[in-house]
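Participant: Sharing a structure with you now.
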């Protein structure tokens, strides 16, 4: 057997390299903390957003194309409908013209019966041609010549008559419309003039009514002012007369000594002293005032003594309250100190237990410590 160099399968190598490159790219994407978002594939999300935007843009363009197509179809339908109406109108006109040319009542078989008698009563025969002989023929050879030219000339005459009649009717209609417009314009002008006259009459009437109302109001104001001035004059005269009467009969001019001690009806406190007539106090009044003053001084001294005793009692109460608060505060400090000592003892006991447990974990339980090689076997693949 001879050794033969077989060609290497390049497709398998390319597949392996492609998988290795994809794995390397996946590792870079997964283990890169800068460009990685936990649980989210940003590239796929961006691609989905771009696809959605493209789909929305395509839908928008399709809708716009449908709208343009619908508008074009509507316009084509309207044009088609308009063309059909125009064609139907032309056909109707052609039919009317055909009937006017080829289906006239004068050219019918019984035209000689319906129209011939009116024009020439002796030209027709009441007996049918089968009852008579060959000599009873109605139309002879050579009588129907140039019939088409006659019909065409007759049609032109009829068309001209129709055109003249239409023009005359159109002129009459225009004249009648012009006359109606002139009548309407004249009626509008008359209505405007009548309305202006009525408005002017109403305005004059309103002005007269306003002038009358203003005159009546001014007259009433003048009468009221005169009445008020008269009442004011009478009141002032009455006050002056009352003042003169009071001055004549008052105590000031009569100089009565009893006027200073007189009781008045308006005063509810008894006798009221009139300062302009007062001549001084009596000895009894002076002694009464001194007695009142002494009583007030004694009462004020008694109130001052009561106030001092109340202040002393209040100060004693505040002092006792402060002492009680100080005792409560000292008692709370002592309790807190004892509680702190107990808490320190408990914490020391917990620390000793924790140290014993940690010593048990470090020295007895966890004796096989992991090396660096143990941690390097994790996160080596993206799968």
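Here the Cβ of each residue, glycine as well, is placed from N, Cα and C on the backbone.
Marked as region 'Disordered' by TrEMBL: 146-184, 255-291. What TrEMBL records for 147-171, 255-266 is compositional bias 'Basic and acidic residues'. Residues or ranges marked as coiled coil in TrEMBL: 212-239.
Could you tell me the structural context for the features on the list?
Facilitator: DSSP assignment over the region 'Disordered' (146-184) gives 38 helix, 0 strand, 1 coil.
Same-chain neighbours of the compositional bias 'Basic and acidic residues' (147-171): 100-101, counting only residues six or more beyond its ends whose CB sits under 8 Å from a CB of the stretch.
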